[in-house]
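According to TrEMBL, the protein has these features:
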- 92, 95, 96, 150, 185, 235, 240, 251, 252, 253: Mo-molybdopterin binding site (BINDING)
- 112-269: domain 'Oxidoreductase molybdopterin-binding' (DOMAIN)
Ligand SMILES: Nc1nc2c(c(=O)[nH]1)N[C@H]1C(S)=C(S)[C@@H](COP(=O)(O)O)O[C@H]1N2
Ligand SMILES: [Mo]
């Protein structure tokens with residue numbers, strides 16, 4: 001395996017894919033070395049990960065690490081350059097930890113994500129509260145490289161590891177009344193300082209929702225990993241939603257409850273500012289936010305000298321796959 005150690009290459013030359021694939025190869029290598037009975041420690045030393053990767057000390061339970069290592073290769077269809085790990089894990093929106101982009105990376109490590117349970121409720125034949133491990137049993141994880149477009153007009157390209165939400169939905173046997181899904185984030189102020197803040201305007205817990213056909217779409221993903229590893233807490237560990245054709249605020253993090261409902265559920269940002277943020281939140285360059293245009297986006301990494309501004313695509317570039325879901329809808333009205 002002839003891969004330069006990423007730490008030996010000046011950062012200006014690092015292509016994110018190189019790091020990514022080096023890491024994947026390393027994980028595969030470590031697995032086979034372990035199987036041969038050779039010391040894994042020695043293998044780890046010779047293929048040390050770059051500092052910024054080990055900075056985020058993501059330790060998941062053994063069952064999850066094993067499931068991640070067995071994940072199949074990218075099923076995404078895009079050729080965009082993957083955003084470097086340190087940007088995906090260092091520039092976050094997660095108001096449970098504060099309003100600054102660096103708050104989540106600084107504070108989310110205290111969150112206890114193991115054990116973790118998810119309540120399945122509402123219009124299903126088989127409701128219950130399930131340990132994450134049981135929820136994921138028998139599910140084959142896949143790498144999925146998708147664009148993420150935040151409503152604030154920045155974007156990145158993220159190599160998630162996860163699976164189609166549809167797979168999970170079918171297990172619980174939704175009733176004929178199940179028209180929507182309502183998701184809820186953990187509420188645990190002791191570990192989420194933003195939930196205690198007097199300056200917070202959010203009515204905790206954070207909530208999101210999808211229409212059933214959106215939830216069943218094969219692109220709609222529940223992610224448990226990032227860059228082949230356990231999802232860092234700042235990115236919504238241990239379980240977060242990914243809906244690549246919608247604005248980032250739909251990608252609810254650290255999910256503890258999924259309820260099947262007959263009526264459209266209330267969602268955090270549309271409750272807070274209904275004129276600015278809708279339930280649908282489909283990426284649309286033609287429908288401006290009341291305070292800014294959505295025609296363009298700043299693709300990370302982005303700096304003062306190289307802002308890296310690119311045009312925003314309808315449905316974030318996934319129109320071919322998802323436009324039919326909205327064929328009879330006025331996208332200006334249902335934003
Ligand atoms: N619980 C919760 N989920 C959340 C948020 C949040 O503040 N709390 N922010 C959302 C927003 S606005 C965006 S853009 C994405 C950012 O995900 P990332 O930090 O993994 O890039 O998470 C979304 N999910
Ligand atoms: Mo966002």
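Placement of Cβ uses the backbone N, Cα and C atoms for every residue, glycine included.
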Among 92, 95, 96, 150, 185, 235, 240, 251, 252, 253, listed as contacts of Mo-molybdopterin, what is the widest Cα spread in Å, to the nearest whole number? 19
Tell me, how many other CB atoms lie within 10 A of the CB of residue 185 (Mo-molybdopterin binding site), whichever protein chain they belong to? 24
Ligand 1: which of the binding-site residues 92, 185, 240, 252 have a Cβ closer than 6 angstroms to it? 92, 185, 252
Taking the Cβ of residue 252 (Mo-molybdopterin binding site) as the centre, count every other Cβ atom within 10 Å, in any protein chain shown. 25
Assigned element (helix, strand, coil) containing residue 96 (Mo-molybdopterin binding site), judged by DSSP: helix
If you run the three-state DSSP split on residue 252 (Mo-molybdopterin binding site), which class comes out? coil
Cβ atoms near residue 240 (Mo-molybdopterin binding site) (within 10 Å, other residues, all chains): 23
Same chain, |i - j| six or more, Cβ under 8 Å of residue 92 (Mo-molybdopterin binding site); the result in sequence order is 101, 103, 104, 105, 234, 235
